[in-house]
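What TrEMBL records for 733-765 is compositional bias 'Basic and acidic residues'. Taken from TrEMBL, the feature compositional bias 'Low complexity' covers 771-783. Among the features that TrEMBL reports, domain 'Ig-like' is placed at 18-109, 114-198, 210-298, 303-396, 401-490. Summarising the annotation, TrEMBL assigns domain 'Fibronectin type-III' to 575-671. Summarising the annotation, TrEMBL assigns region 'Disordered' to 558-582, 730-833. The feature transmembrane segment is assigned by TrEMBL to 688-711.
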Amino acid sequence: TNVYFNCSETCSLCFSLPASLQVEITPMQGEISMGESKFFLCEVVGDVKDIDWYAPNGEKLLPNRQDILVNRNDESSSTLTIYNANVDNAGIYKCVAKNGDKESQGTVNVKIFQKITFQNAPSPQEFNEGDDADIICDVVSSPPADIIWKHKEVVVVSASVFRFKILTNNHLQIRGIKKTDEGAYTCEARVMTRGEIDLKIIKVIINVLPSIRTRQSEVNATADVNQSVMLACDADGFPEPTVTWARNNIVLESDEKYGLNNDGSELIIKDVKKVDEGDYTCIARNKAGEKEEEVSLNVFVQPKITYLVNQTASELEEQITLTCEASGDPTPTITWSFGRRVFTEGEQSLDGNVVVRSHARVSSLTLKYVQFTDAGHYLCTARNSIGQDQQTMYLEVRYAPKIQGSVTVYTWEGNAANISCEVLAHPGASVVWFRDGQQLSSINTTNVKIYNTPAVSYLEVTPDSQNDFGSYNCTATNMIGAESKEFLLIQADVPSAPAIERVEPFSSTAVVEFEEPDASGGVAILKYRAEWRIRITIVGLKPETFYEVKMSAINGKGEGESSPPLNFKTEPVREPSPPKLEGKLQTTGNALKVNWIKQDDGGSPIKHYLIQYKAVSMTVRGVTLCIPICFLVFPQETLDWNTEYEVYVVAENQRGKSLPGTLFFRTAAEPTAIPDTMDSGSGLGTGAIVGILIVVFVLLLVGIDVTCYFLNKCGLVMCIAVNFCGKSGPGAKSKDLEEGKAAFTKDESKGPIVEVRTEEERTPNHEGVGPTEPNETTPLTEPDPSATNSQNEDLQIDGLAKDVIDAPGKGSKATADSTAAPTQDEYDPPPPSLFYCVCPRSPSITTSYCVLFS
């Protein structure tokens, strides 16, 4: 018999067993989570032959299925396995046991449920700052789960008044999300019926739109000077933005023209040109978007003259225009200059001959009536705030000859005179001389000679008689025209008498001031220099003695009239006047040469000079040196570098000492290094070579000194003989001043009776005198050899024994009397640190001078 049990719907397992078979299915619960696998065991109590499983649709389950596997374990059990369960697998499965006509079955109700699954809850989720963010968390389960949101361990409460809201689809909405809202959010799902709970942590990232700050909105640069310029912008944002540059919507990349730094914030534009001017766009991009800013590049151009050409014109043409064009940015202003004259916009002269007009980048200079003086280089200058450019053009003016030069020339019979015909012409002119309508020959075989240079033609005339004086014609001709000019050769006369203004007597000298003659006779007074000195000094006079002085001027023609005589009386014997000092640092080392000019000796010969020197910073003066000459060389060993010194020089005669003459000077700065002049190596050392040279030089000087003593009665031996042995000097004077009175009688001579010397107050120029420009009294065939560069104002004249004197004028050389010290031209100074007596070269000087170099 069969026993049946009443199975309700809530039971998961029911049995229907025959009396002899009993079927039991384990587990009795049949719930399977979606996607999971589960097996069921069917056990039979009693003898059984077949155990079969049937699907919910009544289909017998066969052993070879993949999704549901049926397996007979042994004689009394069988297993049903469901793999990867899905909703189609839900239902009542039966396990049927048979043994002949005996049958029993058991059932199990399999339910498929959805476990909590986060179907769509990505992490991280990114949003742009300021957007309404929708944080996604899609959960599937059966039954549906309840969703709870948490942020920073705090439950997010949905409310309309807050920015946070949980939507119907369980998403979390944040309105106007901020960077501060960034972080981790928890999406928690719960199924109350099963007590199931699961959560998902979602990272929320807030991206910030880039912001750009340009360092300079406008950048200035100069073109065509190989200059590079940098444009820069700084970008902020999250994530960190990338920066690119573009111009005219074309992205710029690093190449020969452009350069970018690592983050792209700096754009380098190389070798800026004018075409690089414009707007450059700085673009910053990130996930939040992009931002742009523009930087303007202003390119300025230095002025450059683009057009300026040389021109040619003829004199007195109607007009000519010089044009100058220039480029540049800003637009340059253009000016013209000619020599020191600068032309600006508008009329440039009262007669309106020069007009300057400018428009934009072009300027023109118009000469309405071209003159020969307008020829030359014109400078065009273009300027703007960046710089300037200059170029010159040459205006060639063709004009007829123009003759310059003095029309009157004075000379006398037998004296050659030069008539200068200076010709200005372009092209160059040929010059012809005429006399009484007859062309003069250029063969130069007569007393008339012609010498031509590119600019001047000289006519040298040596008058033989009165017939050679008169008019001479110079005619110059070129392809433009010709011009003639008459020159007059006039007989010269002797000068008029000068006028003595004042006589200032001293003990043994007198200073005479006079006015030059009113008439020079047409030619230069030879006994005056170019400055026409008005003072002379008469030396060698006796103290406390009455004298009478008168003067006459002499030119090439002869001697003029004498001035009225002037009487004076010399001063008594006294101390000498202070010497005048001059110092000159030597070109090498730290040595100094001090010269002093002898002044009035007070009526008694100066015995010697006392010299002291010291640094200005010291309070005590140094050692006194006693020397008989008028200059001293301080070698570098005695002087400190870069130090200010003062020198005192006192002249002493038999009556006493003069007031000191003083000189201040500063030595040179000490050199940083002294280069080696000798290579190290074998042979004699520097000291040995210098010693040998000194010995040779001393022996040579001793030989010269002995020769001077025997031949000229001068030198060191002569000094010792005169000063220590009482021997009379060779220049001793033996005549008395009274013997000169006869010179003022009627038996006067035009020739010089006494010699004169010029007391030089400056060191003469030792360089050779170059050729001078010939004048009307200087023949071209025999240049005057007596030209000198001396510029002295005072003339010193020896007055002992004679009283008629020649005062040398311009171009003459003065000879020294027996008391005159030799000038620096008359001997070569020996090297420092030697005591040596010098023999003057001049044959008229017989007195020796002992020179001390210390």
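One is the number of the first residue shown, and numbering goes on along the chain from there.
For all residues, glycine too, the Cβ spot is worked out from N, Cα and C.
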- Message: Looking only at the region 'Disordered' (558-582), how are its residues distributed among DSSP helix, strand and coil?
- Response: 0 helix, 11 strand, 14 coil
- Closest-packing stretch to the domain 'Ig-like' (210-298), where packing means Cβ pairs under 8 Å, from 18-109, 114-198, 401-490: 114-198
- Note on the structure: Across the domain 'Ig-like' (114-198), DSSP yields 3 helix, 40 strand, 42 coil
- Message: Across the domain 'Fibronectin type-III' (575-671), what does the mean pLDDT come to, as a whole number?
- Response: 78
- Helix-strand-coil residue split for the domain 'Ig-like' (401-490), DSSP-based: 3 helix, 54 strand, 33 coil
